[in-house]
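Copied over from TrEMBL, here are the features:
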- 51-151: domain 'FtsX extracellular' (DOMAIN)
- 174-287: domain 'ABC3 transporter permease C-terminal' (DOMAIN)
- 12-38: transmembrane segment (TRANSMEM)
- 170-195: transmembrane segment (TRANSMEM)
- 219-240: transmembrane segment (TRANSMEM)
- 260-281: transmembrane segment (TRANSMEM)
Amino acid sequence: MVKPQRKKTNLGSYKFGSVLFGITLSLFITGLVGLILLQAKALTSLIRENIEIQVFLNKNLSDQEIKKIENIIQSKPYILEKEGEKRFTYISKAQAAEIFTTEIGEDFTQFLNENPLRDTFTFSVEESFQTPELLEDIVREIQLMEGVFEVTYMNDLVESINKNLVKVSMFLGAFVLILLITVIILINNTIRLALFSQRFLIRSMQLVGATKAFIRRPFLWRAFIFGSFGGILASAMLFALMEYGRQMIEGFNLLYNLEWLLILFGGLVLLGAILSLISTLRAVNKYLNMSLDELY
C-alpha cells in the first residue's frame, strides 16, 4: 500500500515571487522619483550655466590693457570651468559689429560712420556664486577695475531661478518624504505577509532547540539577497528607461549624468537590502516571542 505523500513545509516555501515583485516595484517607484530629481538638478545646472556676466570695456584701450584685464578676471574663482576649459569669451567691437550686422541684416556702421560698440568679455559664473549678493559683489569688484566701462548680468533671471528653486525644493522634499514612508510600509507589509506563512516553521525550529540567532540567520540572509536583487532589477528597469529617453528625446543627453545614475542605482540596492533586513528582523523577532496560542 502506497502511503500518501505529505507536502513538507520548509524554508523554500517562502513566497519569494510576491516578495521580490513588491520590493522591486517599491524601489522602482523610488528610483523613478530619484531620477526625476536628478534630471531637475541637471536642468537647473544647465540653465545656470547660461547665466553670464558681460564686461564692457572703455574705448581706445591697448591690446596690453585688454589682456591685463582679461588675466585678472580669468584668475578669479567664480569663472565657470567645464571639461578643463573656462567659459570665458572675448568679443572685440569689430566682432560685435559683425554679429549685430548679421542679426539685423544691415551694416549699421555705414550710416553711423563709426562703430559705437565696445570690446566685451563674457563669462559664465560658477553655480556656488549664483546668489544675488555674491553676483552683486562680483559686479562691483569688476566695475572698479581700471579700463572697465560697465558690468551687466541677467539679475531678473537669477532671482526668478532662485525663488522657484526654493519652492520646488520644498515641494519635492515633502513628496520624497511621503514616498519614502510609503515604500517602507509597503516593503515591511510585503515581508510580514510572506513570513506569516513561516511562523510555524520558526516555532518548530525553536522546539528542536535552535537558538534565536540560528533561526534568524537564514531569514536575514534571504532578505538581504531579495532586497539587493530587487534593487538591481529596479536599477536595470530605470537604466532601460533612461536609454529609451536618450534615443527618443532630442537633447536628453544634456541631462544624462552616468556618475549620478550609478550613485542612484547603488542607493537603490542598498536601500532594498537595508529595508528588507530590518523588516525581516522585526517580523522574525515577533514570531520568536509569540506563544503557540498567539501563532494561531
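Every residue, even glycine, has its Cβ placed from backbone N, Cα and C.
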Checklist outcome for this item: Its residues classified by DSSP, the domain 'ABC3 transporter permease C-terminal' (174-287) shows 103 helix, 0 strand, 11 coil
Checklist entry - Where else in the chain does the transmembrane segment (260-281) make close Cβ contacts, counting only residues six or more beyond its ends and a cut-off under 8 Å? => result 23, 27, 30-31, 34-35, 38, 41-42, 183-184, 187-188, 191-192, 195, 216, 219-220, 222-224, 226-232, 234-235, 238-239, 242
Checklist entry - What parts of the chain pack near the transmembrane segment (219-240), using Cβ distances under 8 Å and only residues at least 6 beyond its ends? => result 11, 14, 16, 19-20, 23-24, 26-28, 30-32, 35, 191, 195, 198, 261, 264-265, 268-277, 279-281, 284
Item to check | Same-chain residues near the transmembrane segment (170-195), Cβ under 8 Å, at least 6 residues beyond its ends | outcome: 14-16, 18-19, 22-23, 26-27, 29-30, 33, 37, 40, 219, 223, 272, 275-276, 278-280, 282-284, 287
Item to check | Positions whose Cβ lies under 8 angstroms from the transmembrane segment (12-38), at least six residues beyond its ends | outcome: 172, 175-176, 179-180, 183, 186-187, 190-191, 193-195, 197-198, 222, 226-227, 229-231, 233-235, 237-238, 241-242, 257, 260-261, 264-265, 267-268, 271-272, 275-276
Next on the checklist: Averaged over the domain 'ABC3 transporter permease C-terminal' (174-287), what pLDDT does the predicted model reach?
Outcome noted: 85
Item to check | For the domain 'FtsX extracellular' (51-151), the number of residues DSSP places in helix, strand and coil | outcome: 44 helix, 25 strand, 32 coil
